[in-house]
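Worksheet for the structure shown next.
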Amino acid sequence: MVISVLALISWQKHSLTVSELRVCNSRMQHERLHVKHRGHEAMHAEMVLILIATLVVAQIVLVQWKQRHCRSYNMVTLLQMWVVPLYFTIKLYWWRFLSTWGMFSVITSYVIFRATRKPLSCRTPRMVYKWFLLIYKLSYAVGVIGYLAIMFTMFGFNIFFRIKAEDSMDVGVIMLFYGLYYGVMGRDFAEICSDYMASTIGYYNMGGMPSRNLSNDMCAVCGQKIFVDVDEEGIIEDTYQLSCNHTFHEFCIRGWCIVGKKQTCPYCNEKVDLKRMMNNPWERTHVLYGQLLDWLRYLVAWQPIIIGVVHGINFSLGLE
């Protein structure tokens with residue numbers, strides 16, 4: 001009995017000694033870490049200031065560039081939108097995105113080739129707007145589904161269907177990215193094709209007056225004749241008249257304004273009231289979606305470059 005009591009006391013003393021050693025070791029490690037990172041608060045403050053200053057300067061430069069040389073700004077931005085994701089895709093082995101990116105690039109390249117040929121085929125404008133309108137609607141649908149999947153996971157509904165949270169969240173994020181990315185790319189390429197086709201047809205000129213006179217029964221977007229009067233209801237599509245009294249095929253003017261990002265008349269450059277064009281309240285979400293895509297372009301195209309510049313400045317100044 002006495003031996004067991006003595007053994008218990010010895011074991012308690014040994015346990016206290018081990019616990020005290022662990023506390024001392026943790027304190028020493030904390031002090032070493034504190035000494036190692038002493039003065040890093042000032043360095044972190046410098047890095048934050050560099051980031052803020054770079055963002056402000058970059059924003060001013062980009063805004064001035066867009067205002068003075070909009071065409072070159074859009075072309076460079078589109079090139080970066082097309083190349084930057086490709087770089088990360090190859091680096092991170094995202095083969096699924098690479099396959100969709102390849103199919104989109106091949107078909108869109110053919111569409112652009114058709115849109116920039118002279119003379120322009122009478123069927124080309126319709127084909128171009130149908131393709132980019134399809135991309136626009138698909139990207140809108142995929143983006144909405146991705147957003148709903150994210151909300152579905154955040155509110156815990158995945159538990160009722162026995163779906164892992166990380167799986168449903170991954171699906172939502174991927175679909176949202178796909179929808180937004182291809183929505184931006186489709187609208188940018190559609191704008192380029194719209195300019196080329198309308199300039200080739202002759203009823204539109206980006207820098208001045210059109211080279212052809214527009215008759216009352218011609219559509220300035222596609223260059224084809226209008227067979228349905230403004231007051232009549234068409235079987236396939238109606239005829240739409242802008243506030244400047246110029247008439248167009250309904251699908252053409254909608255593609256010109258919504259998909260092609262044009263807010264002026266294709267002939268006289270008078271500003272188009274998009275709210276007046278959207279008779280159905282649900283259609284106005286497409287305009288809001290287009291504005292979201294315009295904002296996202298800056299985030300995808302220029303944000304990685306700005307962050308790279310910030311890292312370069314920090315490296316040159318010896319800030320780690």
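Including glycine, each Cβ sits where the backbone N, Cα and C put it.
Caution: TrEMBL annotation is automatic and unverified by curators.
Annotation source TrEMBL lists transmembrane segment at 47-65 (among others). Long-range contacts of the transmembrane segment (47-65) within the same chain, counting only residues at least 6 positions beyond its ends with a Cβ under 8 Å from a Cβ of the stretch, are 72-73, 298, 302, 306, 309-310, 313-314, 317, 319.
Within the chain carrying the transmembrane segment (72-88), a Cβ under 8 angstroms from the stretch's Cβ atoms is held by residues 62, 65-66, 94, 97-98, 101, 105, 181, 184-185, 188-189, 191-192, 297, 300-302, 304-305, all 6 or more beyond its ends. Here TrEMBL flags 72-88 (among others) as transmembrane segment.
What TrEMBL records for 94-113 (among others) is transmembrane segment.
What TrEMBL lists as transmembrane segment is 134-161 (among others).
Look at TrEMBL and you will find 219-269 tagged as domain 'RING-type'.
Mean predicted confidence for the domain 'RING-type' (219-269): the pLDDT average there is 75. Residue counts for the domain 'RING-type' (219-269) under DSSP, split into helix (H, G, I), strand (E, B) and coil, are 10 helix, 8 strand, 33 coil.
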